[in-house]
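The structure appears right after this line, and notes come after that.
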Amino acid sequence: MGRRVVALGLADPTFQLVGAIDHADSDQAGQDSGSVAGEAPSGVEISAQWPALDDASSPKAVVDFSLPEAIDGCIEQCVKTQSPLVVATTGLSEEQQQRLAEAAKAIPIVWAPSMSLAVNLSMKIAEQITAALKDVSGGLDVEILERHHRFKADAPSGTALKFGELIAGQLGESTQHVHGREGHTGARTREEIGYHAIRVGDNPGEHTIVFGMLGEKIELNVAASNRDCYASGALAAAKWLIQQQKGPGLYSMFDVLGMA
Ligand SMILES: NC(=O)C1=CN([C@@H]2O[C@H](COP(=O)(O)OP(=O)(O)OC[C@H]3O[C@@H](n4cnc5c(N)ncnc54)[C@H](OP(=O)(O)O)[C@@H]3O)[C@@H](O)[C@H]2O)C=CC1
Ligand SMILES: O=C(O)C1=N[C@H](C(=O)O)C[C@H](O)C1
């Protein structure tokens, strides 16, 4: 994702790339970030050293697509330099989510498991479908299937979990989150949301929400054709934080997209 954020950022004249952070042992450390992204050289080397972010003459924002191991250091740097932050990394622990919320009292943060416009719109649609069907005669079964590339480290996807959280918000507090099924599970209860994580090839991300009833079903499918929907969404979020001069707070892509 770092490569696509760099490539799309370089293509947008409203952005100036000032840093490209990786860990010190990265194979790419010391290389030009534009070249690594498959673009013309940017003049910005990939480095573990953070650039100066607190120069008030030009507003800066940080976009993080990394790993849960990296997020604490990133938050620390952004709080220290008062930099707006976009967090796209998924698989954060409860403690890390709390640290993010704490940091958002000091700086503006957009945090979303999917920066995609289509995914965020689908989340709103999923909430509406659930609200309309939750009391349907015979009951409603919601199952969430997600497909991603074989390299993905976390399961289920952050997006699948967010779909589940929003749907559970409509279904009620007794909702159980069931991850996969195996063996003699007994009949499915009406309180469950089932999650199924598929890892195949180079799939850039696909989510299917199945709303099953007795006699009919709805399937809401949203799929990326490539990863640019996430990179451009993250850049839009960075632009939103800067242009709207957002104060401290924890924002979502719903806020950025005007869907909150
Ligand atoms: N919100 C959204 O829309 C999206 C979120 N994601 C999420 O973004 C994250 C990254 O995804 P993806 O790019 O596919 O994953 P990759 O594993 O390809 O990239 C992670 C990058 O972070 C680097 N890294 C590791 N440790 C550190 C550190 N301490 N400091 C800085 N950089 C570090 C890795 O370097 P190295 O390889 O050298 O270890 C690697 O370049 C995942 O959590 C994914 O789920 C992905 C797509 C969309
Ligand atoms: O790792 C990925 O690729 C993706 N991760 C995010 C997630 O976990 O939801 C978003 C997107 O689906 C791609």
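Glycine is treated like the rest: Cβ placed from N, Cα and C.
Under the heading domain 'Dihydrodipicolinate reductase N-terminal', TrEMBL lists 1-115. Annotation source TrEMBL lists NAD(+) binding site at Glu39, Ala88, Thr89, Thr90, Ala112, Pro113, Ser114, Met115. Under the heading domain 'Dihydrodipicolinate reductase C-terminal', TrEMBL lists 119-257. Per TrEMBL, active site, proton donor/acceptor is recorded for His148. Marked as (S)-2,3,4,5-tetrahydrodipicolinate binding site by TrEMBL: His149, Gly158, Thr159. Taken from TrEMBL, the feature active site, proton donor applies to Lys152.
Glu39 (NAD(+) binding site) sits 25 Å from Lys152 (active site, proton donor), taking the CA atoms of both as reference points. The record gives His149, Gly158, Thr159 for (S)-2,3,4,5-tetrahydrodipicolinate. Within 8 Å of the mean position of their Cβ atoms, the other Cβ atoms in that chain belong to Thr90, Pro113, Ser114, Glu146, His148, Lys152, Asp154, Ser157, Ala160, Gly205. Per Cα geometry, Gly158 is the residue among the recorded positions His148, His149, Gly158, Thr159 nearest to Thr90 (NAD(+) binding site). With all protein chains in the displayed structure included, the most crowded Cβ environment within 10 Å among the binding-site residues Pro113, Gly158 is that of Pro113. Secondary structure at Gly158 ((S)-2,3,4,5-tetrahydrodipicolinate binding site), taken from DSSP and collapsed to helix, strand or coil, is helix. A distance of 12 Å separates the Cα atom of Thr89 (NAD(+) binding site) from that of Lys152 (active site, proton donor). Comparing Pro113 (NAD(+) binding site) with Lys152 (active site, proton donor), their Cα atoms are 14 Å apart once rounded.
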